[in-house]
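Record features (Swiss-Prot):
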type     : residues                                       : note
BINDING  : R20, R320, T514                                : UDP binding site
MOD_RES  : S159                                           : phosphoserine
BINDING  : H193, R199, R320, E509, W511, G512             : UDP-alpha-D-glucose binding site
BINDING  : H280, E281, Q283, H286, K290, H500, R583, R587 : alpha-D-glucose 6-phosphate binding site
MOD_RES  : S363                                           : phosphoserine
MOD_RES  : S560                                           : phosphoserine
MOD_RES  : S651                                           : phosphoserine
MOD_RES  : S655                                           : phosphoserine
MOD_RES  : S660                                           : phosphoserine
MOD_RES  : S662                                           : phosphoserine
REGION   : 687-708                                        : region 'Disordered'
COMPBIAS : 693-708                                        : compositional bias 'Acidic residues'
Amino acid sequence: MARDLQNHLLFEVATEVTNRVGGIYSVLKSKAPVTVAQYGDNYTLLGPLNKATYESEVEKLDWEDESIFPEELLPIQKTLMSMREKGVNFVYGNWLIEGAPRVILFELDSVRHFLNEWKADLWSLVGIPSPEHDHETNDAILLGYVVVWFLGEVSKLDSSHAIIGHFHEWLAGVALPLCRKKRIDVVTIFTTHATLLGRYLCAAGDVDFYNNLQYFDVDQEAGKRGIYHRYCIERAAAHTADVFTTVSQITALEAEHLLKRKPDGILPNGLNVVKFQAVHEFQNLHALKKDKINDFVRGHFHGCFDFDLDNTVYFFIAGRYEYKNKGADMFIESLARLNYRLKVSGSKKTVVAFLIMPAKTNSFTVEALKSQAIVKSLENTVNEVTASIGKRIFEHTMRYPHNGLESELPTNLDELLKSSEKVLLKKRVLALRRPYGELPPVVTHNMCDDANDPILNQIRHVRLFNDSSDRVKVIFHPEFLNANNPILGLDYDEFVRGCHLGVFPSYYEPWGYTPAECTVMGVPSITTNVSGFGAYMEDLIETDQAKDYGIYIVDRRFKSPDESVEQLADYMEEFVNKTRRQRINQRNRTERLSDLLDWKRMGLEYVKARQLGLRRAYPEQFKQLVGETISDANMNTLAGGKKFKIARPLSVPGSPKVRSNSTVYMTPGDLGTLQDANNADDYFNLSTNGAIDNDDDDNDTSAYYEDN
């Protein structure tokens, strides 16, 4: 019986399903609404059960209740019953996010007694070794086998639907070679969000990674770092998948050389873009959140607060504490050069640079807490005195011209300000003073290893100590932000909105959600041409015009380290010297780019990847279904095509709009898009069910900006 390609089932597999660890969690969570709108109950996520977090992430459902499953999905219920009878424990329910997709979380401890048997089977089938004490690899093997068990049962019981399994990262990759070896009738897609070797080699910081990709002895490099078995899993997954994809052009280049298979396409990461009805709304949000950051800055720099907040800009870098990979080293060095330039030029501008990277700490410093309390106490006292003065002015004006009052308004300061209030105000003001020679701290927490912390050591090296003469001030906040923070009570998104510029000079960043999030919120950012996001935007926007849209791209691939640092310092200085009006206009342009990052657009790339998988797995059936002639030569190749870039913006750029007959490829680089390369516009009729509108209308967006 032929499987139904149009009404197929989709299972997405990852270790970060309902389990926040890194960026894949954000990808799955933000993509879910679009995927659920497209697939409905035919979409299920599979992953390992994290007992510590699942109860707050998942609404459990009674999977034994037949009403939970539509009739055509009863094979899934029967498979779960069979696995439960054989001792496999799991949680079935709805993920508590927008779209509420169905999830199956397998308890790996319930199958751990199979570990040695499955390891032996993995060696005999695929030849992949697995050391005994690598717990992460052990869990990857358990997850791979239990997923293959599940998919194998479902494919046997359900002969009517085509089944697609989409696997993210090597931790979910064990299942791919097993599906191939065990001949399970499932279309497989593997997406690598970062290669193992790439992350290890770049973290070392002593190699020109991207310009030497073709020269690495991958087996030797993996062996030297003790990850050869993990590398084997990753490489086997890439080679046995029907469709192999990465998240960016730069990662595709990396995967081609390190994993020895050229990716079939690119699946860029998107975001759920919330559009405002009017431009001024997000500008007002910026002003509100900036005021909260101002409150923190007043407290942190009390006693040395000699700069004008209206003439101050806020820069920040945020992410995992990967000192070199995330470009923290380059950021600090560029800040030191910027500080020198501003001092030499006599600039009145001040830069406050935040580093938001979690490190091991004991607690907030007493000084950080005390500083905020001192300023808050002054603010409360001033508010109380102000209220009293207002009341006295009101009483005075009410009594005039009676009681011998000669003026409509009080003219005697003593009449307005009582002596007790003067004393209280003086005490509060004197409390602001710091001991002689004491400077505002550069870190807000007590570090567990202050002496060996790379960020603090570099700050000491470049002598950015928050001296009064410094035009660049530095604050290292070694903890992710949240609204319950006692010194900087903002969630991360609120903090980003309040800042002026995000700086992310990463050296190894397969995609880069942080600059993408900045773009969606209308905050200009600095990225690099070796980050996925930077390469993506560089491909869409004319290189010399990207900064007009608030996207500054530093060259870390073809310039020397010193030249890259100088370029970053140039970009930051250029931004500092902008007027307030110029910054507002730039934020408007930046926010308009957000449509290019919406999952409603990016989700199409996933549709195309599934299409290519179905074409390869069922070529003749697919040809009959869509009624087209596809040559064998075009079946497994992705053609290039003419690409257009966004031109220089006008002072008030128009809204993005799709042009008819456009051949713009949303996937950057040489690989092209899966859909365009296979002339597969018909697939929208087969798969999206109207969830993703592909019509040309005023609400659609593309790589074009038209003047309205």
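Just so it is clear, glycine is given a Cβ too, placed from its N, Cα and C backbone atoms.
Feature annotations (Swiss-Prot) mapped to structure.
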residue: R20; record: UDP binding site; DSSP class: coil
residue: S159; record: phosphoserine; DSSP class: coil
residue: R199; record: UDP-alpha-D-glucose binding site; DSSP class: helix
residue: H280; record: alpha-D-glucose 6-phosphate binding site; DSSP class: helix
residue: R320; record: UDP binding site; DSSP class: coil
residue: W511; record: UDP-alpha-D-glucose binding site; DSSP class: coil
residue: R583; record: alpha-D-glucose 6-phosphate binding site; DSSP class: helix
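In this structure the alpha carbons, written CA, of S363 (phosphoserine) and T514 (UDP binding site) are 26 Å apart. Spanning the listed UDP site, residues R20, R320, T514 have a farthest Cα to Cα distance of 16 Å. Those residues noted as binding alpha-D-glucose 6-phosphate (H280, E281, Q283, H286, K290, H500, R583, R587) have their most widely separated CA atoms at a distance of 16 Å. Nearest to W511 (UDP-alpha-D-glucose binding site) in space, judged by Cα atoms and limited to the binding-site residues R20, H280, R583, is R20.
One residue stands out among the binding-site residues E281, E509 for having the most other Cβ atoms within 10 Å of its Cβ: E509. S159 (phosphoserine) counts 12 other C-beta atoms within 10 Å of its own C-beta, drawing on all protein chains shown. A separation of roughly 32 Å, to the nearest angstrom, links the Cα atoms of E281 (alpha-D-glucose 6-phosphate binding site) and E509 (UDP-alpha-D-glucose binding site). With the fewest other Cβ atoms inside 10 Å of its Cβ, the least crowded of the binding-site residues R320, R587 in this structure is R320. Within the group of binding-site residues (R199, H280, R583), the Cβ with the highest number of other Cβ atoms inside 10 Å belongs to R583.
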